[in-house]
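**Student:** Take a look at this one; I'll ask things after.
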């Protein structure tokens, strides 16, 4: 019987630097001999990418936004994540359900209980084996975004939105200390990757 793969997620506010490290993490796992599926949310499937485009660019109600996030996630789980884990592959995903609790729950102030209903309806048992939360002072995150591409609908939000989002992320980390590890991504890239590599090796050696 094929051993189940491992599910890794990367989280953080826009500008925290998580996407910078996602491809590196996947390559590090491949160097350890693991087969890796690198993916992202919202997205990861043709339908998911279409929904991503809508969510990031079109004006909509908060309920619609949240439901579209979970619609994309349901397709992603069914078509990509669950089959990969069943094959014994490792999945590295740029954002997952923690992002919904942070952005819609914290940033947009939707009640966490409403998000929990959708999470329980979908796949309550499937949680990441490890989540790295890339945390950075918001001034630095916004400075990084200023040098990036044309900002999307979320990246154009006011500072208070990101303060609430960051606070919600840190609350998630406090509530799930066994799964979520905080990474101070204001440090140099070499220091961040040294931490990630050490923790990744420990995870890879776990039975």
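Backbone N, Cα and C atoms are what each Cβ position is placed from, and that goes for glycine too.
So Swiss-Prot says this about it:
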BINDING   12, 13, 14, 15, 16, 17, 18, 19  ATP binding site
**Student:** Please list residues from the chain of residue 14 (ATP binding site) whose Cβ is under 8 angstroms from its Cβ, counting only those at least six apart in sequence.
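**Tutor:** Residue 14 (ATP binding site) has long-range Cβ partners 141, 145, 154, 155, 162.
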**Student:** Far apart in sequence but close in space: which same-chain residues, 6 or more away, have a Cβ under 8 Å from residue 19 (ATP binding site)?
**Tutor:** 10, 94
**Student:** Is it possible to get the count of other C-beta atoms within 10 angstroms of the C-beta of residue 12 (ATP binding site)?
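**Tutor:** Excluding its own Cβ, the number within 10 Å is 27.
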**Student:** Cβ within 8 angstroms of the Cβ centroid of 12, 13, 14, 15, 16, 17, 18, 19: which residues besides those meet this for the ATP site?
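**Tutor:** In sequence order, the nearby non-listed residues are 134, 136, 141, 144, 185.
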**Student:** Can you name the residues of this chain that are 6 or more positions from residue 18 (ATP binding site) yet have a C-beta less than 8 Å from its C-beta?
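**Tutor:** The answer is 10, 11, 12, 94, 132, 134, 185.
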